[in-house]
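Data first, discussion second: the structure below is written as structure tokens.
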Amino acid sequence: MSGEGTDLPTFQSSRTADGDVINRPGSSQQQLVPIAHTISSPSKAYQKDTAMWSPPLSSHPIMSPPDLTPQHPVFSTEDLTRPAAGLRRRPSVPPPRRYSNGDYDPKLSFTSDTGRALRAREDLYYSDRERENSMSSRTRARDDHPHPDYHERSRPPRTYRNVVGWESGPQKSYFDDSSRSDLGKDRDLEKGMREAGAAPEWASGEKVRRKSTDESIDGYNYESHKRNGTKGTIDLNNLTPEERAMVLRLPWTQWMNSNFKNHFVATIGEFVGTTMFLFFAFAGTQVANIDSNTVNTTTGAATGFNIAVQLYIAVIFGFSLMVNVWIFFRISGGLFNPAVTLGMVLVGAIPIPRAACLFFAQILGGIAASGMVLGLFPTTFNVRTTLGASTSTVQGVFIEAILTAELVFTIFMLAKEKHKATFIAPVGIGLALFIAEMVGVYYTGGSLNPARSFGPCVVSGSFDKEHWIYWIGPITGTFIAVFFYKFIKMLEYEMANPGQDGDAKNDPTQNEKKREQILEERNRRYEKRNGSLRPGSRLS
């Protein structure tokens, strides 16, 4: 090198002073090469083609390249056989606090002309394509699972500009975005219809408003398209099966969510339940009275006393009521008795409109059951109720009243009052009717139910002169039961012997809310009695 008299170009980084790229020996694998070895022998680091260029003879002294050997060998993992693409990232140092405002970014890699450290930019904007090409196709997820977001692209074009008549612009948006500062001016804020070539409306600086108050937010004037004086009609013949089903379902859906529908369902359930209850009861009575000497009656002096007949009738009435109440109490409450319905209204368990519907259903159910027994069984129709064994009218009224009071009060305590045994209330109700029939069948026929006595009289066409006691007696018994029920409620019977069979929701010793409700009712009655609370008002 020193023996030659030629001038060598000055060595600067990876290029010569003339701008020629240094040729390095080719290698397909990355290798750990000391940087010191790379730059220590510039005479072997590159070779010039003598046919194309030869150093001229000159008297300039030979300049040796600067000694760039580091103090400690530094190894690099880069492939030195090919030039690095883009700028090579250098280790960042914490910038001065005045530049980063106290936040240190460990990814600082660039420096501006002023010497200020710049933050690193993500590879999303500056993609190293050489690095991508060097990667195997199997290691790139974008080749195995192509997705539109993997491809670099510029701003998507406004496709509607490729359509004829795009100058009219889209329909105006729902909201006015012209006042938003985060929207760039290059965003298309065309609202409404504008002429071809006209400037967008946001450029004028005026706030876009609706053309009229009749125009809706979606740009459609519903008022101008309304039919004057006529109602909108739908041609069912021009609808698809799905549209036809939807149109026909609208009135049905509205009706299904109404109280009228609920009353209708309860009425139907009460009619069917009363019919089934009295049908089995009448059929059993018909069987028990086959050998009776008195026609069209279940009791009478000529009938005589037969313990088997009395027991059979009591059992069939009690079990028929128990089974059918258990079936229908979820639908209508399973009352099957106008006297019980009246009692439920007086204690506030059911509203008056529901009670009226149930009353007519019970009367019709008694008539239907009587007609079924009359038409199905070949024996003489013998299920009517009359006084017997020298029973007076007054005695008959009070016998019916007391027996009915016992039945109605049983229903209040087992069904109306909620407790652990509420779900087996039909058993207790059926047993209550059973013991009442055991007492009353011989003397009054054991009616306890105006519908039970009214139905057979209608079917047979014969009304006895004492038929009225089967209305007055049960109604009187209902008032007796209601009075006693309200009396013990006023005395707070729940607090007298708590914890017997009350559940966690209704026992005041277990539920503090229930206890507060009882105390609030006590205070309300006290204030009402002292005149501080007007009758009919509620305690807030």
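The count begins at 1 with the first shown residue.
Glycine too: its Cβ is placed from the backbone N, Cα and C atoms.
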Inset, instruction - Consult Swiss-Prot and report the residue, out of N238, N530, annotated as N-linked glycosylation site. - result: N530
Inset, instruction - Tell me if the membrane topology in Swiss-Prot places F454 and A288 on the same side. - result: no
Legend entry - Three-state composition of the topological domain 'Cytoplasmic' (442-467), taking helix and strand from DSSP: 14 helix, 0 strand, 12 coil
Inset, instruction - State, in range form, which of 264-284, 357-377, 394-414, 421-441, 468-488 has the highest count of Cβ pairs under 8 Å to the transmembrane segment (309-329). - result: 421-441
Legend entry - Result, the transmembrane segment (421-441) in contact with the transmembrane segment (394-414) (3+ CB pairs under 8 Å): yes
Legend entry - Among the ranges 264-284, 421-441, 468-488, the one whose Cβ pairs under 8 Å to the transmembrane segment (333-353) are most numerous: 468-488
